[in-house]
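K.L.:
Here it is: the structure, laid out below.
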Amino acid sequence: MVDLFGRPVYSGYDPSAFVAFFFILSFAFCLGDVGYGLLLALGSFLLMKKFPAPAARRLLGVFLYSGLATMLVGLLTNSWFGNLTSLFPPLAPLARFQSRLALFSPVDNPADTMKLFYFSLVVGFVQITTGMLLKAKEAIRRFGALGALEGIPPLVIQLGLPFLLFTLVMRGRLPWAEPAIPVTGLVLGVAALLIIYYQWRTQSDLVLKIFFAPYTLYGLVVGNLLGDTLSYARIFALGLTGGLLAVTVNQLAGMTGAIPVIGTLFFLLLLLGGHAFNLFISTLGAYVHTSRLQYLEFFTKFYESGGRPFDPLRKQYRYLQPDGNPAAGPGT
């Protein structure tokens, strides 16, 4: 995933471990079905045997682990090819087994649907904050005190504003919420002043000083905290859409099964074709949107691309000519 975006610069930070965790987590909740995860993992494993090239194996490995994680999420959200097991009496024992494993069911329960929405926003907030932490760490490592001035105050804004909102909501319910409000406001005010000071010090032109001081604060609140975090609601949207489409396929297939003579044929065609289409479109959507979250929401916080792969010093011939055969042309 990192190579597709661009290798980190020599002095930069390699975020592969963080990308692997957040990509697989987000992908799993976008797809979120035991059956789909099993088919994805099994298909990726078989393709890895067929295409042994390193680049292909790395990409298929991402889908393999994402498929396994999708199975786990499907267990937690009670989704096995949608609600297939609950619609057909022969699968009733399996339906009872999976209901015991599930923690919540976003497709069936509106209250659980909102839990998935809130969870998506929490994932976004945590990943964006992680990106800002990495930026602060690298800035301090490279620039010392000036780097701390660049990286720490935005992090204080990112963490302090939600905490301030929480204390305002919980005022009167928690004994420590009331005294925490002015302290939090003071810390946020100091952080905002430090951000303005940093922009005033680092920008060379007076117009840029005046422009970037408020714009940086605006970007932190509206961009990072609101816009980028809300962008992770696509995890909720894709997971819910795929689950509802799977349920619709099952219900349509169940209705066609009652047709005399040809009902069984239509049942199988609709069930297999519908789930195959849903698996394809949901996997494509999960990959595209999860990649977008990594590249546009996460990498923009800290990542610098432009590095080149390590190529050891060695003799490397571009044109070969056999000894004693001057007539041989280039490339022979």
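Heads up, residue numbers simply count up from 1 along the chain you see.
Here the Cβ of each residue, glycine as well, is placed from N, Cα and C on the backbone.
Just so you know, TrEMBL annotations are computer predictions that nobody has curated.
TrEMBL lists these features:
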type: TRANSMEM; residues: 20-47; note: transmembrane segment
type: TRANSMEM; residues: 59-81; note: transmembrane segment
type: TRANSMEM; residues: 116-134; note: transmembrane segment
type: TRANSMEM; residues: 155-174; note: transmembrane segment
type: TRANSMEM; residues: 180-199; note: transmembrane segment
type: TRANSMEM; residues: 206-226; note: transmembrane segment
type: TRANSMEM; residues: 232-253; note: transmembrane segment
type: TRANSMEM; residues: 265-288; note: transmembrane segment
K.L.:
For the transmembrane segment (206-226), find every same-chain residue at least 6 residues outside the stretch whose CB is under 8 Å from a CB in it, and list them.
P.N.:
128, 132, 154, 157-158, 161-162, 192, 195-196, 199-200, 301
K.L.:
Please figure out which one of 116-134, 155-174, 180-199, 232-253, 265-288 racks up the most CB pairs under 8 Å against the transmembrane segment (59-81).
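P.N.:
Counting Cβ pairs under 8 Å, the winner is 232-253.
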K.L.:
Return the stretch with the most CB pairs under 8 A relative to the transmembrane segment (155-174), choosing among 20-47, 116-134, 180-199.
P.N.:
180-199
K.L.:
In terms of Cβ proximity under 8 Å, which residues at least six beyond the ends of the transmembrane segment (20-47) contact it?
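P.N.:
Distant contacts of the transmembrane segment (20-47): 1, 56, 60-75, 77, 79-82, 84, 98, 116, 119-120, 123, 127, 130, 232, 234-235, 238-239, 242-243, 246, 275, 278-279, 282-283, 285-287, 289-291, 293-294, 298.
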